[in-house]
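Enquirer: I have a structure here, written as structure tokens, and I will follow up with some questions on it.
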Amino acid sequence: MSRLGIMVLTLLLLVFIVTSHQDAGEKQATQRDAINFRWRRSLIRRTATEECEEYCEDEEKTCCGLEDGEPVCATTCLG
């Protein structure tokens, strides 16, 4: 094989290695963003649940969750 052929193959191999490395980095960043989103979402949900529990505690009832952003309190939660 000529020198030019070897150089072209080497260049193609380098391009392949660089692009696959970039793809792996982007995938890792996407996974990290997804984990951060889940963590923030659970934190928001936990805060809302705590507020609901405090609100219903004043009425001596159980917090059954939020409906349209408002706490739903009842003596017994169904479903």
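Yeah, the Cβs are placed from backbone N, Cα and C, and that goes for glycine too.
Values in this document were obtained by computation on a predicted structure and should not be read as measured data.
According to Swiss-Prot, the protein has these features:
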- Cys52-Cys64: disulfide bond (DISULFID)
- Cys56-Cys73: disulfide bond (DISULFID)
- Cys63-Cys77: disulfide bond (DISULFID)
- Leu78: leucine amide (MOD_RES)
- 1-20: signal peptide (SIGNAL)
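Can you walk me through where each of these features ends up in the structure?
Expert: Here the Cβ of Cys52 (disulfide bond) has 19 other Cβ atoms within 10 Å, regardless of which shown protein chain they belong to. DSSP assigns Cys52 (disulfide bond) to a helical segment in the three-state reduction.
In this view, Cys73 (disulfide bond) is surrounded by 19 other Cβ atoms within 10 Å of its Cβ, with every protein chain counted.
In the three-state DSSP reading, Cys63 (disulfide bond) counts as strand. Within its own chain, Cys63 (disulfide bond) has Thr49, Cys52, Glu53, Tyr55, Cys56, Pro71, Val72, Cys73 as residues 6 or more apart in sequence whose C-beta sits under 8 angstroms from its own.
All protein chains considered, the CB of Leu78 (leucine amide) has 5 other CB atoms within 10 Å.
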Enquirer: I need the least crowded one of these disulfide-bonded residues (Cys56, Cys64, Cys77), counting other C-beta atoms within 10 angstroms of each C-beta.
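Expert: It is Cys77 that, of the disulfide-bonded residues Cys56, Cys64, Cys77, has the fewest other Cβ atoms within 10 Å.
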Enquirer: Quick one: what's DSSP say for Cys77 (disulfide bond), helix, strand or coil?
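Expert: Once the DSSP labels are grouped into three classes, Cys77 (disulfide bond) ends up as coil.
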